[in-house]
Amino acid sequence: MKRIAVLTSGGDAPGMNAAIRAVVRKAIYEGMEVFGINYGYAGMVAGDIFPLASRGVGGKISQGGTFLYSARFPEFAELEGQLAGIEQLKKHGIEGVVVIGGDGSYHGAMRLTEHGFPAIGLPGTIDNDIVGTDYTIGFDTAVTTALEAIDKIRDTSSSHKRTFIVEVMGRHAGDIALWAGIGAGADEILIPEQDFDVNELVASIKNGYKNGKNHNIIVLAEGVMTGAELAEKIKAAGDDSDLRVSTLGHIQRGGTPTARDRVLASWMGARAVELLKEGRGGLAVGIHNEKLVESPILGTAEEGALFSLDNGKIVVNNPHKANLDLYKLNKEISS
Ligand SMILES: Nc1ncnc2c1ncn2[C@@H]1O[C@H](COP(=O)(O)OP(=O)(O)O)[C@@H](O)[C@H]1O
Ligand SMILES: O=P(O)(O)OC[C@H]1O[C@](O)(COP(=O)(O)O)[C@@H](O)[C@@H]1O
Ligand SMILES: [Mg+2]
């Protein structure tokens, strides 16, 4: 391929800029032309497409967010939107596209693949909820941000002998809660992948204080329920501690990416270009056991493909699972 494009889509994630930079620089290094697409699939359909040069990505590696902007654009789930996007790409002479985004964006990349347009998916989301990779770009930074916030909450929590519910992001996945919770020494971690009993939770809070704890930090993944809902349930189940709720929210999405996210993004960005240069599309790049891997975006589970189609409906072959060993670990070391 001689001319490729890159876009970022869905929720932004720290490290997306590093990935774009790597795509641009590697493409130029390989003698290819590279175009940026603003606002994800929305910009693809609108033809918001422009050439990128090496100097255009200078200084971007350390910046959070995405300088190509992002968007949630439900119209791309419709055939009409997908075909309009492909038409724009072809109009600009683009032969392959790098899609940096989360699980939703991967659905879009799957549709491009289905229509025969070469796309490479790079996992860009703080949620770590993508199939085909152990870690996503942005996860490490979000975990670090959440962990630092919980450390601060612990200071004030201990001073007042309070119970805190700290609600973290992750949509339907508990990965941020697990990593930030264990890293910050949380007393309890609640994740959507694991049921919990509110009476046991209240008993454990009471036990903690009885055993000399001067705070109780419950890290709650947003996919379970909101912090306010959990607070109500805990109170109704007999908790009599001084309870506060803190929802960390979008601070988890911003900020300068960690070294890990920058390196992961750079490595994956360059690999995406190598694949397109070889004329290979329809693949998602991931990291598994510290090595880069590629999975077909569309195909059967046996082929290791991320998605298959059932009467035109997208089926996720092996949905992401949070690491439940970490859940067990926290139970063992938090009392
Ligand atoms: N089923 C789908 N088919 C095609 N495109 C989709 C589909 N689901 C999501 N997308 C596209 O991907 C974008 C980002 O998805 P979203 O779930 O919001 O974020 P993320 O990619 O970060 O998970 C959507 O706004 C839409 O443009
Ligand atoms: O920014 P919004 O649109 O309020 O969405 C919030 C959601 O986006 C996230 O921050 C990131 O999710 P995506 O990467 O799938 O977009 C989730 O953790 C959260 O549930
Ligand atoms: Mg998502």
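In case you wondered, yes, glycine gets a Cβ from its N, Cα and C as well.
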Listed in TrEMBL for the ATP site shared with Arg72, Phe73, Gly102, Asp103, Gly104, Ser105, one of Gly11, Gly15, Gly31, Gly36: Gly11
Further ADP ligand in TrEMBL, beside Arg21, Ala22, Val23, Val24, Arg25, Gly185, Ala186, Asp187, Lys213, Asn214, His215, within candidate set Arg154, Arg253, Arg260, Arg262: Arg154
Binding-site annotation, TrEMBL, substrate: partner of Thr125, Ile126, Asp127, Arg162, Met169, Gly170, Arg171, Arg244, His250, Ile251, Gln252, Arg253 in Glu193, Glu200, Glu222, Glu278: Glu222
Among Arg21, Arg25, Arg72, Arg171, Arg253, the one of these binding-site residues whose Cβ has the fewest neighbouring Cβ atoms within 10 Å: Arg72
Residue from Arg72, Arg171, Arg244 whose C-alpha is spatially nearest that of Arg21 (ADP binding site), among the binding-site residues: Arg72
Binding-site residues compared (Gly11, Gly102, Gly104, Gly185) - the one with the fewest other Cβ atoms within 10 Å: Gly185
Alpha-carbon spacing, Ser105 (ATP binding site) to Met169 (substrate binding site), which is rounded to whole Å: 18
10 Å Cα neighbourhood of Asp127 (substrate binding site): matching binding-site residues from Arg72, Phe73, Gly102, Gly104, Asp187, Asn214: Gly102
Sequence-ordered binding-site residues from Arg21, Val23, Gly102, Asp103, Gly104, Thr125 with Cβ under 6 Å of an atom of ligand 3: Gly102, Asp103, Gly104, Thr125
Binding-site residues close to ligand 2 - of Val23, Gly185, Arg253, only those whose C-beta is under 6 Å away: Arg253
